[in-house]
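**Student:** Submitted below is the structure of interest, expressed as structure tokens.
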């Protein structure tokens, strides 16, 4: 049977970490340093709540001020120095009951691991725009790589505010004749060099402080209504496609597909060793809906999850600390 080039059927990681914020990256430092083959899958360079924080001054051992993105880069370099592998890719599905466990990304890749640490944060949207669900698959999309080619030489809107949204918009701009990049806030949360490159694309128009109100059409999308927060007026963009890449505060756990125990608010339930209801699957960070949302707290949970993974993989009777 032919095997897709996007798969690596013979490569099995000891641990796959989903998310590269402080919890996921700290976990990677510990598992890689312990000698376990470690893969970290992350959605964007400025991943998670820390990645878009403008100034950090209270992270122990790191004199500030520095941006959350800069702090993440320091942590990732430390994890890489121990052998952790970082791969950019948005996780859309998992099979946690297979052996080994499987993780799938939006671009069609499959990764396999003996254990999983879910550290994907809490930045999903809880509420959808009017018309979003109605036109899903008929002009509304959450994947530029998947659907951009359907809008060749057509105008589209891309809704987002970070470097992940920019990356998707840049790909979409290869096909669409016009890309309106709609940002609800007053700024884009991405490294300056990324924004500068994006602004130079000839068929891209950035609309700051424009809040989406409604996606309109008949059988397919015909446009999107926006509220110009600067001029305090509504406008209609005539577009044939709307790509949505916005975040929120809801735990990012859709890819788990209900395979682990969660609360009504989609918070993952773990035991004292950070293990979920599925053996070999652990969780750390904001996916647990902690009352205190601080980078150092998330990092501590990532450490604890990593030590529990070490215990699980090695068959030890108790968690052994690292120094």
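Just so it is clear, glycine is given a Cβ too, placed from its N, Cα and C backbone atoms.
These numbers come from a predicted model, not from an experiment.
Take a look at what Swiss-Prot says about it:
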- 42-49, 286-295: FAD binding site (BINDING)
- 143-146: disulfide bond (DISULFID)
**Student:** Quick one: of 45, 48, 290, which of the binding-site residues has the smallest count of other CB atoms within 10 A?
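**Tutor:** Across 45, 48, 290, these binding-site residues, the one with fewest Cβ atoms within 10 Å is 290.
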**Student:** So if I measure Cβ to Cβ from residue 293 (FAD binding site) and keep only same-chain residues at least 6 apart in sequence, which ones fall under 8 Å?
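**Tutor:** Listed in sequence order: 49, 286.
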**Student:** Give the distance between the Cα atoms of residue 143 (disulfide bond) and residue 48 (FAD binding site), rounded to the nearest whole Å.
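**Tutor:** Cα-Cα distance, residue 143 (disulfide bond) to residue 48 (FAD binding site): 19 Å.
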